[in-house]
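Pulled from TrEMBL, these are the features on record:
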type     : residues                                   : note
BINDING  : HIS31, LEU33, GLY58, GLU80, ASP114, ASN129 : S-adenosyl-L-methionine binding site
COMPBIAS : 1-12                                       : compositional bias 'Basic residues'
DOMAIN   : 38-214                                     : domain 'Ribosomal RNA adenine methylase transferase N-terminal'
REGION   : 1-21                                       : region 'Disordered'
Amino acid sequence: MAGGKIQKKRHGGGGARLQGGIPFEKSKGQHILRNPALVDSIIAKAGLKPTDTVLEIGPGTGNLTKRLLEAGVKAVVAVELDPRMVLELSRRFQGHPLSSRLKVQELSFVIQGDVLKCDLPYFDICVANIPYQISSPLTFKLLSHRPIFRCAVIMFQREFAMRLVAQPGDTLYCRLSVNVQLLSRVSHLLKVGRNNFRPPPKVDSSVVRIEPRKPLPPVSFKEWDGLVRICFNRKNKTLGSLFKQKRVLELLEKNYKTMQSLQLAQDSGTGEEKMSPYDVALLANMVEDLSMETSDEKEDDDMEMDDADAADGRTSFKEKIMGILQQGDFAEKRSSKLSQVDFLYLLSLFNKAGIHFS
């Protein structure tokens, strides 16, 4: 959904078109934002400063771009996949008094390409009205960007947006919620009805503000996501039940033995391991199951450890895991009710006992 594409209705035959007579492509998420007041609201809530370089993703024909430049920012860096839109944007601002802030120069230019594949330049603020199919990978690509930006104001599909801001106990609280909120503060700004677009998409939208945390929490993201992945496999089951599953115990025991053999168990979990941009960037390749997961709908083919496994000596390891959960009073708790602090504490208990998730 290219951002800021505002178009008055055309009369007569033919398909829907963007400004300049360019037909839009719904396969690329090109729906036209037809309410100028929404553009003004998005800009107002971005908290722009005269010294800001703004990253705009999906500028389309440039109506949002124009408002950003008129807001007096230092520069606008626009990333657009559709070459037709890049040409239209260049034509629109050719000779414009503000065009010096939107041309190929050190801080201000148009990038033609896939935002998920190109290297992003420095920016202070991101403003985006995006194709909803790239919501997860784009969110984590932005959060892995360095240097850390001040905030992003992004239009998402409403259900995705509400998962981003969901809190423990909410129906939509899921692994996506936990991972994004570990890395940033997320707030819901605006609900945008589907009739504000032409043609109307099938779903409503919401504008969300994302502010990266500074500094990042002192935790390995690979470890964190490994724990959260297990916990949200069945978010309404008790942790005691989840960690009795044979598959989970086998994974953790394998990790435990590997760490022991490498003599790293004592050095890990000391609080010295920090989350790196590389850790965060890993999620760009791990988000297929993050977008819409919320419930225990997947068929559960995991089984708890049986007597045969006990004979193989796994009983003591299972007791070790249960002891850790009981130590933190987690055995009867459910992931759907746990906060960021709870998960961080649980991870620290496991790591101190030499149990790792990556």
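Every residue gets a Cβ built from N, Cα and C, even glycine.
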(request) Report the mean pLDDT of the predicted model across the domain 'Ribosomal RNA adenine methylase transferase N-terminal' (38-214), rounded to a whole number. (result) 88
(message) Please identify, from the binding-site residues GLU80, ASP114, the residue with the sparsest Cβ neighbourhood, meaning fewest other Cβ atoms within 10 angstroms.
(response) ASP114
(request) State the count of C-beta atoms found within 10 angstroms of the C-beta of LEU33 (S-adenosyl-L-methionine binding site), not counting that atom itself. (result) 25
